[in-house]
Structures are given as structure tokens and as C-alpha cells.
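These features come from TrEMBL:
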- 1-60: region 'Disordered' (REGION)
- 48-59: compositional bias 'Gly residues' (COMPBIAS)
- 87-377: domain 'Histone deacetylase' (DOMAIN)
- Asp158, Gly208, Tyr363: substrate binding site (BINDING)
- His200: active site, proton acceptor (ACT_SITE)
- 453-470: compositional bias 'Basic and acidic residues' (COMPBIAS)
- 453-493: region 'Disordered' (REGION)
- 480-493: compositional bias 'Basic and acidic residues' (COMPBIAS)
Amino acid sequence: MLKPQNLIGHSQASGPTPARGVAWAGGAGRSGPAPVPQGQAACLRSTHGGGGAGGGGAGPAPAGTMAKTVAYFYDPDVGNFHYGAGHPMKPHRLALTHSLVLHYGLYKKMIVFKPYQASQHDMCRFHSEDYIDFLQRVSPTNMQGFTKSLNAFNVGDDCPVFPGLFEFCSRYTGASLQGATQLNNKICDIAINWAGGLHHAKKFEASGFCYVNDIVIGILELLKYHPRVLYIDIDIHHGDGVQEAFYLTDRVMTVSFHKYGNYFFPGTGDMYEVGAESGRYYCLNVPLRDGIDDQSYKHLFQPVINQVVDFYQPTCIVLQCGADSLGCDRLGCFNLSIRGHGECVEYVKSFNIPLLVLGGGGYTVRNVARCWTYETSLLVEEAISEELPYSEYFEYFAPDFTLHPDVSTRIENQNSRQYLDQIRQTIFENLKMLNHAPSVQIHDVPADLLTYDRTDEADAEERGPEENYSRPEAPNEFYDGDHDNDKESDVEI
């Protein structure tokens, strides 16, 4: 069982000056969801009672709704970091993913940003100052002088010290923060950061290949404007770091579908971990057994998410798309296909609620790249070819060079229909205990991470320097000739 801290921030540490105007904030007598001061953590409580627009029959929006504005964040250097020889986490998968996104032409349907790099102050919204200071100072050449800190902060085998560690954390965290800020300011409807989604990192320590929890930090940014944020995790590993951060609050509901049992990492995520205090029943876990396939996963995922959205009425969703739940993953034991995994993303998108889409686990690199590219195509509503386009990484996808290879394994599906129905029944009973759409009081909103004018239409002049983004193209602006001028030079691989 997790040991959640009391995550309400009340210390005297400095934070951003509140901006004029109001937005959704924390409960009575509190000054709203500002960045978390050092020594405090990330949970923000709300008032109960007077519950807002509860149970309004939420469900996926009808087909044919207006296309969404999609912002895509990619740092050209993020794939160059290396955890070390033999380590299963390979940031290079991000370069493969971006290359496919580029060569399929999907970037033409999105606003492409070279993202903001998070500062130490940004990371200390959730993490302790001592821990972040350690990450900034430690390196492979001086780590012998940090023996005590290495042990204290759980940095070592699974979470090694490698060259550029803090810079790597800064890049993936900054992209998630910028995505959250753009959603807050209605620059986009969907924000994608495949480099993010590192859900195991804790306030005081690294865990499970994760150092800085960009998800928690991004959600804290979203809470400046959104009264209720729903977090959904389809990584094979339990999203323990995010659950722990928001275990005591009803401002964030966490839903995690994951392998549970047989000492599978991280060992948390039992169905009866439901939250505590104001957050009781706002934490939902779906513990699964080996070998679950598309049909069984869908049998749980869609009705559970539909009920959660109906009861909780989130105003923003954060979706962690860990690809280690695919079949044939190096560290996984599920049997999802790329289409089945993508169907979850498409279903969440169908609710037409502002959406922050993040990466996560995934250790068979070629399939991670295929999966996240396919899911990018679903998010921009662009059909793409089964045959992979030629790129500098083409040989990684041998021998079939297709988008949807057979990734099924011989692992037997140990999730019987009876077991799945039992889980679903228990979850639905817990959902009945929820206070529908818990309300929050209105307070001054703290300053945004980045400055934007809130608008329903993206304005190029408000996005910063031109070299940091490219605009999506209208359908009649595509060219396929040898001498086309389709902005490929604006996007870095």
C-alpha cells in the first residue's frame, strides 16, 4: 500500500505571482493550485457538496464533430540520451517515432513545437528541492562523491546516473508543462508529448526508470484552470507515482489499467487502493493478469472510462500511453495489438474533452515507434499507409516494414470473463460512492508557466519564436511532387 503524504502546500516558499482574473482553485480558505512549494507535495483538496454537473450521461461524442487542433512537442536532442549499455529504457525510441511522424506527413496536421525546457523551480512544484538539486549536480564523473545521496534518492541500477541526466529530465518535463499550459489557454485541444509519461517518479526519489514526474507537474499546471482532471494510465505498470501524488484529493481522479501480482513492478495497484480523505474513491485501479488481449481489454476499458467520465465530469484528461502493454514487449506480458492499444486512445479522444497525451514505458523500440505513430494519426484523424515510409531508421522495422505487424505472443490470457466481470462490478460499486463532479471554489489564478492570450483560435504571434513551431497545413496545401515546398525543412528530426 502506498504511503501518501499530505500534499497540500502551505509553506513560505516563493511561487509565481497570481495573475489578475479567476480560475478554478483549491478548497475553502486555500489559495488555489499554485506550483507546489518545496517541502510540500502536490495534492489539492476541494470542497464537497454543491456538486456541479454530476452524472449528466457523458459519453463519446457523435462522429463527424469538428476536427481538433493538435499541438505536438518534440525536442530534436531528447532521443540522444542514453541510460547505459544493456538498459531497457532507450530514449532513442523517440527519434524513431518522430521520424515516422515526419515521413508519414503527420506533422502537416499539427502545430509542431520545439518545447520549453523545465527549470529546477518547475520541477520543485512537486519534487523536493534536495532531490532536484542532486539530479542537477550528479554526473558519471563525480557520482562516487554522492554515495549517500544515491541511496537516499534511489538512483543506481534501475535509475542510473548518465551523461546529461538533468538536461534529459528538463526536456521531457518542459514539453509536458508547455502542453498543459497550451491546453489551459486554448491554444490547442490536444497536446502530444511522447517523451513524457514517466509515472513512477516520487516526490523524494527516482523509481522505475523515472526521475522527474512530468505527469504530476503537468497536472498541477492544468489545475490552475481546470476544476477536475482525469488521469488515465494504460502502461503495463501501475502509475504509482501519480496515484501517490493525488491520493488525498478529489481534484484529480486517477485510473490505472496494469498487470498486478506475482511481484510485478511496482507491486502496487490493488483494486482496493481507492484513495483517502477527500480523495476516497477518486483512485481507481484495474489489476490485470498475464496475456490480456484486445477483446478482453476493451471489455473493461470502454465501460469503465465511460462510467468514470459520466460520474466525475472531468474538464481535462491526461492519458499516459505506455507501449509496454503491447504484445512482444521486452518487459511486458500482455497481448495487446497496436490497433487495440490505439483504440483506447481513440476512445478517450472521442469524449471531446481537452487532452494531454503522453508516452511512458515501452521497451521493444520498433513497436513503440509504430504504436505512437499510429496513435498520432488517430489523434489528427489522418489515415496512414500500412507500409512504412522509407526513412533513415527503415532497417529497424525489418523484416516486414509494416505499421501493424503481428505482436501476439504465446502467453495464455489468464483474464477469464468471470474475473473481468468481477473487477468491473467492484469498480462500478466504488464509482457509486463518488460525489458527482466535486465542486471547487473560485480564486485568483497563479501566473501561467508561459504567457499566452486565452483564445479559441491558435494565433501564431502568441506561440513564441517562429523557429520553435510549424503550422498545420490545410488539406489543399499538400504537394507530392519532387519539387514540393511542404515545409519539411521547418521540422527537425
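Just so you know, glycine gets a Cβ as well, placed from its N, Cα and C.
Nobody curates TrEMBL annotations by hand; they come from automatic prediction.
Sequence features annotated in TrEMBL and their locations in the structure.
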residue: Asp158; record: substrate binding site; CB count, 10 Å: 17
residue: His200; record: active site, proton acceptor; CB count, 10 Å: 27
residue: Gly208; record: substrate binding site; CB count, 10 Å: 21
residue: Tyr363; record: substrate binding site; CB count, 10 Å: 21
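Geometry remark: Tyr363 (substrate binding site) versus the residue listed as 'active site, proton acceptor', CA distance 16 Å.
Mean pLDDT for the domain 'Histone deacetylase' (87-377) in this predicted model: 98. With respect to their backbone Cα atoms, the residue listed as 'active site, proton acceptor' and Asp158 (substrate binding site) stand 12 Å from each other. Taking every pair among Asp158, Gly208, Tyr363, the residues listed as contacting substrate, the largest Cα to Cα separation comes to 14 Å.
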